[in-house]
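Remarks on the structure that follows.
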């Protein structure tokens, strides 16, 4: 995604790119899949909040808590949306404190910093071991256990898609977005990998309390291995703090999903790919009907009233996991088509602001892995005695809905599957005026930076060339010959030539080394040649950027004229 987004930074890019580089129908199917993905995470978080609250008390019925949470989401997203950013900042800070605190807790307690002074270290990695058996015994059971962890990880891991959504509003995204992608990758590796390792360190999977928490749908964070570990060590108060932070994280996540789901549906409606009613907004700019639809879908959380909380949570996990894996598959396939279009149309990926490594091989690997995992996610229903119609529907509904949406839109709008030479990599006319202005400003900034770099390289090349000439002119002269010694580029003082057997060579980093005159001349010649090649490459990039800027300015000028004409016509009517 980083490669495509930094090339064309727009809002909801992976949805737009799917239609731009593959087929409009493919983009529509991807857009609705993403909406379902976001919308179904809302009831998941509502059920999770209800489950956590019951850790302290069962006095309030589950239905009452679910209703209160949904009403709060509605109030925040319709009437208090101006405080959304501020509230999410502090709630997100709580999530970071939680994960850092739990990793720190693991490190301290494993070294003996606990009431029992037990230095358990990596004890549970050996006894009972690393792999738990699931459904079957022996190697097959351990493999199924690992597969279940892989499915759960598929549900948990997210990041690039959310980062990409901010591309259209980021300042100077061609510089900022590559850094953001790298940071997201690093943080995912740090938090998820360290967090997973910490889980295995804290408690064995054979712990009776942990097993009972899952088999009996124990409420709250009691099913958390961290809470179980704290109870094993006789630690008090801390489990309540962990539970409170988990509750705030779950509530924050649900609130974010209401916002993201409603905005993704709003974007589809603005493009004419969803009913027009969803374009209506309040005076504060809130797409109220989109929010109401998301809240209506969140009523599915009331399934918990007649079913176990753990069962309902797993249903939503299955649905969201399938949808997210389809989303990742769309990203991978879209990039493969983008690369084919670049190759066919002669667009060098070396000229892009960001170039992914080992492509398209990693994209094919991601596509294959996500495609297979999409079908594997609900495998448990096919095991003897495990058949469940709700589990099957939640696991495989989106696998059927996605191609249906694709085929429906393809025949309804008669869209075409784009070949590599048909993909319009440079068509900017579909972008709104505001985004065209952003692209223009970004290209202007990049041109200024590239022009400055070109001038600096040109000056360095001239300096090395002059140094080579000076070494050549100094050969054959006698010691003591009067010369002018440069103190700066414009200030010279009289001096005398020393020995010509060796010369001091400026290697360009503020350091000087002794070399013989032939070696010095060879060094300067090589530097002049290298910089010449760099200047040629940079000149091509500058010319390409200038051409792109001219195209953007032309399209922007035409759009402004067209909008002015339409505005005048409407005023006349």
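Yeah, the Cβs are placed from backbone N, Cα and C, and that goes for glycine too.
TrEMBL lists transmembrane segment for one of the ranges 30-53, 126-149, namely 30-53. Your range for transmembrane segment, going by TrEMBL and the list 65-84, 425-444, is 65-84. Record note: among 214-237, 358-381, 358-381 is the stretch given as transmembrane segment by TrEMBL.
Taking Cβ pairs closer than 8 Å, the transmembrane segment (281-303) reaches residues 38-40, 42-44, 46-47, 50, 63, 66, 70, 73-74, 77-78, 81-82, 257-258, 261-263, 265-266, 269, 312, 315-316 in its own chain, all 6 or more past its ends. Most Cβ pairs within less than 8 Å of the transmembrane segment (90-113), among stretches 30-53, 184-205, 241-260, 358-381, 387-409, belong to 241-260. Below 8 angstroms of C-beta separation, residues 12, 14-15, 18-19, 60, 62, 65-66, 69-70, 73, 161, 217, 219-221, 243, 246-247, 250-251, 253-254, 257-258, 260-261, 264-265, 267-268, 273, 293-295, 297-301, 303-304, 309-310, 312-313, 316-317, 319-320, 323-324, 326-327, 330, 398, 401-402, 405 of the same chain, each at least six residues beyond the ends of the transmembrane segment (30-53), sit close to that stretch.
Restricting the average to the domain 'Amino acid permease/ SLC12A' (1-416) gives a pLDDT of 80.
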